[in-house]
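Enquirer: The GTP binding site annotation in Swiss-Prot covers 13-19, 41-43, R312, 338-340, 421-423, and the record cites sequence analysis as its basis. As annotated by Swiss-Prot, Mg(2+) binding site applies to D14, G41, with the evidence given as sequence analysis. Annotation comment: Swiss-Prot describes D14, E15, G16, K17, N39, A40, G41, H42, T130, R144, Q225, T240, R310 as IMP binding site, evidence class sequence analysis. Annotation comment: Swiss-Prot describes D14 as active site, proton acceptor, evidence class sequence analysis. Per Swiss-Prot, active site, proton donor is recorded for H42, and the stated evidence type is sequence analysis. For A306, T307, T308, G309, R310, L311, R312, the entry in Swiss-Prot reads substrate binding site.
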Amino acid sequence: MANNVVVLGTQWGDEGKGKIVDLLTEDAKYVVRYQGGHNAGHTLVIDGVKTVLHLIPSGILRDNVKCVIGNGVVLSPEALIKEMKPLEERGIPVRERLFISEACPLILPYHVAMDQAREIARGKKAIGTTGRGIGPAYEDKVARRGLRVGDLFDMEAFAEKLKEVMEFHNFQLVNFYKAEAVSYEEVLEQARGYAELLTSMVIDVTDELDAARKRGDKIMFEGAQGTLLDIDHGTYPYVTSSNTTAGGVAAGSGFGPRYLGYILGIAKAYCTRVGAGPFPTELYDGQEKQDPVGKHLGTVGHEFGATTGRLRRTGWFDAVAMRRAIQINSVSGFCLTKLDVLDGLKELKICTGYQMEDGSVLEVSPMAAEAFEKVTPIYETMPGWSENTFGAKSLEDLPQAAINYIKRIEELTGVPVDIISTGPDRNETIVKVHPFES
């Protein structure tokens, strides 16, 4: 039995992780975020009520769950306050159930200013960041000039460090990007309020999680974004700024890697991507590519980013990219989401290989973005189904064509599909194998 479960995306993000984390946390004591920041967008629908979380772990809607933000997360206190307010107005005791590592790097206004100024300067070569300061905050961390949550509790020393780092960033903003400088006095004043807010929630996360493990408590690690956006293993440079893969769990939480159990990979029954970057099976982007099937996927699947509101690009399921994600993460089993979006399509395609210019075939996707320019997807066509799968709760409720589609994905990837999501509500799910019971 796996007491410690990792839930992560195996595509380009937006796979539906939030719903699955919420579903599985019925059996968990802890839910831990270990990377990313408020650039994540996890949408949960419970009894018809929609909640979108960006920073707070998805387990916050479960009364019995402690939610943890690990050291690998870059924390925007401003974003945290905005997210806490509507939850607390609904009677959810966020401050009593949310715990934060003192080692979390802080996202402050100058990070946001830098992020946005850079995207403007890139013009047509823009990466498509969320403009929320994530990348610049990680840069400061690696350069060892970043301010962390723990720094807020010595305000005199914080003020000195802040002045130094803001001189560095404001020089770039004004002289290179021709943007306005960020006010040191305003940022410092905001920080004083942040210290008061965070004091009661800051803990030694490593010690807390290790004690939980020794007690036999069930712990879930909630990934943000997706494997193919990983800073090291994704389609670089069109990636996020953190390690979105299973390897990021230990580094981003301080939890011993030997104790990780089941790795649940979340994948849509088709593919989507937000922003720029390679997408071999793309059908629709709202601009140059206007395939009607791709438009169906985007419209029926409500494919708009929960964080940015941007239209997602859509395409066929890519087993080649999935094999790369499986290698990196040691995926134990899949959760296939949005199966119901495929309802009504006469035929479906799965990418089984990438053909190179020299005629050779890749079975696992390349890493660098440039390499994707030389590939042509090889498709296998399967019959679709006209029946309605929305809200199905057992395999018996699915048409045979849908079952065949799922089985083919299992065959092509070598990994079982243990969970199938057939709608946005936590109850619209088929659970073949429960990760905590595997």
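Cβ coordinates are placed from backbone N, Cα and C, and glycine is handled just like the others.
Bear in mind that the values here come from a model prediction, so they are computed numbers and not experimental data.
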Enquirer: For the binding-site residues G13, G16, which one has its C-beta crowded by the most other C-beta atoms within 10 angstroms?
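Expert: Per the Cβ count, the most surrounded site is G13.
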Enquirer: Would you kindly give the Cα-Cα distance separating H42 (active site, proton donor) and L311 (substrate binding site), rounded to the nearest Å?
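Expert: Rounded to the nearest whole number, the Cα-Cα distance is 16 Å.
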Enquirer: Within a 10 Å radius of its Cβ, which of these recorded positions (K19, H42, R310, R312) has the fewest neighbouring Cβ atoms?
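Expert: Each of the recorded positions K19, H42, R310, R312 was scored; lowest Cβ tally within 10 Å is R310.
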Enquirer: Across all protein chains in the structure, which of the binding-site residues G41, G309 has the highest Cβ count within 10 Å?
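Expert: Checking each of G41, G309, the winner is G41.
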Enquirer: Considering Cα atoms only, can you say which of N39, G41, Q225 is the nearest neighbour of G13 (GTP binding site) among these binding-site residues?
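Expert: Minimum Cα distance from G13 (GTP binding site) across N39, G41, Q225 lands on Q225.
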Enquirer: If H, G and I count as helix, E and B as strand, and all else as coil, what does DSSP give for L339 (GTP binding site)?
Expert: helix
Enquirer: Cα-Cα separation of Q225 (IMP binding site) and D14 (Mg(2+) binding site), in Å?
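Expert: Computed Cα spacing between Q225 (IMP binding site) and D14 (Mg(2+) binding site) is 7 Å.
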